[in-house]
Amino acid sequence: MARCADGTHAARRFLAVAGAALSLSLGFSSSQALAFESPQDGVYEDRIDWGVTGDMSGPAAGSQHPWVKGFQSRMHLVNEKGGINGRQINVLAEDTRYDAPSERIAYEKFASQTPVLGMSGMGNSSAQTALVPMINRLKVPVVGTYTTAKASVEPTNPLIYGGFCGFKQMAQVGVGHFANSLKLDKPKVATVHLDVASGVEFNGYMDEAVKKLGGTNVSIPIKVVAADATPQVLALLDAKPDFVAIHGVATTSLLVLKAMQQYGVDVPSFAITYLGTPSVYQSVGEAAGKNYHFVSCFTPASAASPEAAADLIAQAEKDGHGALQDDINFVAGWVVAGLVAEAITEAGEEPTREKLVEILNDGFELPASGLSSKLVYTSKDHEGLKVLQPIGYDYATKKFKSFGDYADFEQYVN
Amino acid sequence: MLVQFLLTGLALGSIYGLVALGFAVIYKAERVFNFAQGILMVCGAYLAYTATTQLGLPFPVAVIVIIAAAALLGIVIQFLFIRPLSGQPLLPVIMITIALSIILKALIEILYGVQPKPLATSLPTGVLILGDVRLSQLNLTAAVVSWVCMGVFFAFFRFTKAGLLMRATADSHEAAILSGVNVNRINAGAWAIGTILAVIGGVFLGQIQLASTELEHIGLLALPAVVIGGLQSIPGAIVGGILVGVIEQLASGYISPKARDVFIYIPLLIMLLVRPWGLFGNRELGRV
Amino acid sequence: MAATDNPILRVDGLQMRFGGLTALDNVSFTAGEGEVTAVIGPNGAGKTTLFNCITGMYRASAGRVSFAGQDISGFAPHRVARAGMARTFQNLALFPGLNVRDNLLVGAYRHGASGLIEGAVLGPRARREQAAAEDRAAEILEFLGIPELAEAMPGELPYGRQKQVEFGRVLMQDARMILLDEPMAGMSRPEKTLMVALIRNVRHRYGVSFLVVEHDMPVIMDISDHIVVLDFGRKIADGPPAKVQQDPAVIAAYLGSEEAGQAVFAGAA
């Protein structure tokens, strides 16, 4: 009801302005037509506009592009099944090139120029941090972020909802699992991480998680455009860790793994979710890759049960993304689109931004789907996917393998 | 530790030196400051991906295909973009090479997608252990191949007719024309060589990491290498490349990865201020 | 007249216009095989333009140039050079970074039968050619009297020597005609004498024809077989030195009056 009153009010105000402009302008009829066709929340008679931002051609495109594709594929499936309450979901994807100004422009666009009901993605944590005040002002809900910046969820913001595994939980599950399975009392851990904000943040969470077990963590930074990881591995040799945590991009993690093999550093390692792609495993080779794992709140198609992955595999093939079906980022996009579809459905026949926020903020839950752990939003916690599991790769079958159910690893998360 | 850093730096620096050498050849021939050298190197990694993974060629055949494709690429670039600008001031030509690097990068991403591609060449991957020092066979192969390429390249310049004509043309376009030399063809040859050298570097870097357009940043380390070595100087490019490799290792090993850039670019600044023609350059010719 | 009996160079109705300015106006002449032909005229007469048109640096607005029986009108400069016509400038056209022998070898390599690729990988034919070229370079250095300078860099040599090296490179090109653009400019009297001797020797030994632009009248009168006189882009006289020297139109063109003009040529009489 509130939505209707608002809409009428806005239209009336617009007409008043248009009327005033009439004496000056000859474009009256066209502006008037526009006024009635553009509900401010992106909800139309036959469709709902939904925004997605991601790096599709910049430095993070390798992981974010598949994420956007996964999101779109899932929405194709939703639309093919008749959409939501008779409306098709129209995904407006903006390439923001891992760049804060582009992210800001896209967000403003989604707020009014091509209004959307909500948006997903925003995969640059510094952009997210910088945009929080703007999000609070323009009030387009961000549902399912690709990465979750601290500033977006602490304190809880009713407009922002995480859609990716958090660094804190990655550290907790990785440390908990390895300490447990290697039966370590006071684990000695080394964290190789990029010397950027998120790397330092991850290393901080590693410190916390290791300290809780009475162990020690050594920070070993590496540059994004490194050509070699010899200094890092020499530092590893020095630290003699029980296991290694790796934060980075595909190239740096490869360098680290290959250099570890070269120097005979044969200790288990786990990487952040983003590095769990088949191409990393294939490049690193079996000798160095068999002891390498990643922690994730998403399950690659080949490690999931056939029933859980069937829709994803079929749709990926149909959309020409067959090669991406085992990419963790594609799965992540797919899962977040599912979250969005569910939230829109629950927002009722005439969804608005306000209603969407109400639904999500007021205790929202998606059960574990076989492709991800369970997702929970409460009014105090918008991180969403908090349970992760370690995943490895079987070189013989070229398939990912998980080490249990998400429930088995819940104990490590707090 | 020190020996380890020096040897690793030497191995990596050899690859930088190779790419820098390609840069210097093009610069010497046409006075073109080629900002596309980094992306030409990236092309090498993707050519290797196409030849080995997509076409499934046996490795020796793939090498020939990669080199032939690189030569062709260099010649086409020279013919389409550089030749028409011959005689123009430095700036438009630099802008062309920058535009070229952006276009090539976009083309690669359109053709191959933005996902990095793993290379599956038959280059060795093991480790060589010499006392305390451990060298990756891949790095070692890269270094050896780089040195062989440099050797072949020197012999070519020193002892062959084509090499002499290339040296002559680089020396004086005018005199070369008066001597009946087809300068355009020689310059196309210089681009072919410059591209081949970059591409060989790219195959190795792609194998060490992944075929990805992000390798461009590593390829552009050729720039400080040639400026430190001397723009006009062939040995300078190689020494500059090796210096950059060694500095990189020592700085990241003993200080921090971030320190690398400081220690690579400070010598560059000092060189430009104190000795703009570089370590090996010619004072009169080599000002940047 | 020998020039017309057996011409190596035939210039026919050559015209060159720059915008509204006519730099060459219907210039025709021939140069005889094995002869020294001089082109003279006051400053701005179009001598350098004529050279540029012949060697392909400029594309003539109209007219033809044939050389050794081949129509070379519109050839690019390097093709004119390959046809056997070599040009030297007042400024030396040498390769400062190459030693004297390599400077000469560049001249030889342009007409090899082996292509660039074969030359790059040193095929047997390329190797034979290379050996032959090196022999020839040694022979020419010997002829020039500077065999000991083979390893020297051109920049280390005095101007006269550098000019000799340039000549050597031109000879390596198997040039049938050499165009000399003010060869005596900036030379001392003894250097000029050496240069004249060099031109004579080359002509004698290799049967090369010369086309010379030069301001030093005594030298011109001394070495030329045949003189073409230009003024304001038009040919005003053409003939042996003795005849041209007496031509009133030539004398007038040079100094605006017959008397003053005669003084110019006096030294050469």
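Cβ coordinates come from backbone N, Cα and C, glycine included.
For B:6-27 (among others), the entry in TrEMBL reads transmembrane segment.
The transmembrane segment feature in TrEMBL is assigned to B:32-49 (among others). Under 8 Å from some Cβ of the transmembrane segment (B:32-49) lie the Cβ atoms of residues 19, 22-23, 26, 62, 65-66, 69-70, 73-74, 77, 82, 90, 93-94, 97-98, 100-101, 104-105, 108, 111-112, 117, 119, 121, 194-195, 198-203, 205-207, 210-213, 215-220, 222-223, all in the same chain and six or more residues away from its ends.
The transmembrane segment annotation in TrEMBL covers B:61-81 (among others).
The transmembrane segment annotation in TrEMBL covers B:93-115 (among others). Tertiary proximity for the transmembrane segment (B:93-115) is limited to same-chain residues at least six positions away from its ends with a CB under 8 Å from its CB atoms, namely 32-36, 38-40, 42-43, 46, 49, 77, 81-82, 85, 211, 213, 216.
A Cβ distance under 8 Å defines the sequence-distant neighbours of the transmembrane segment (B:135-157), meaning residues of its chain 6+ beyond its ends; these are 7-8, 10-12, 14-15, 17-18, 21, 123-128, 163-164, 166-167, 193, 197, 200-201, 204, 207-208, 234, 238. The feature transmembrane segment is assigned by TrEMBL to B:135-157 (among others).
The annotation transmembrane segment is assigned in TrEMBL to B:188-208 (among others).
Within its own chain, the transmembrane segment (B:220-250) has Cβ neighbours under 8 Å at 5-6, 8-25, 27-28, 35, 37-38, 41, 150, 153-154, 157, 198, 260, 263-265, 267-268, 271-272, 277-282, 285-286, 288, counting only residues six or more beyond its boundaries. Positions annotated as transmembrane segment by TrEMBL: B:220-250 (among others).
What TrEMBL records for B:262-280 (among others) is transmembrane segment. Note on the transmembrane segment (B:262-280): residues 221, 224, 226-233, 235-236, 239-240, 243-244, 247-248, 250-251, 255, 286-288 of its chain, located 6 or more positions outside it, place their CB under 8 angstroms from a CB of the stretch.
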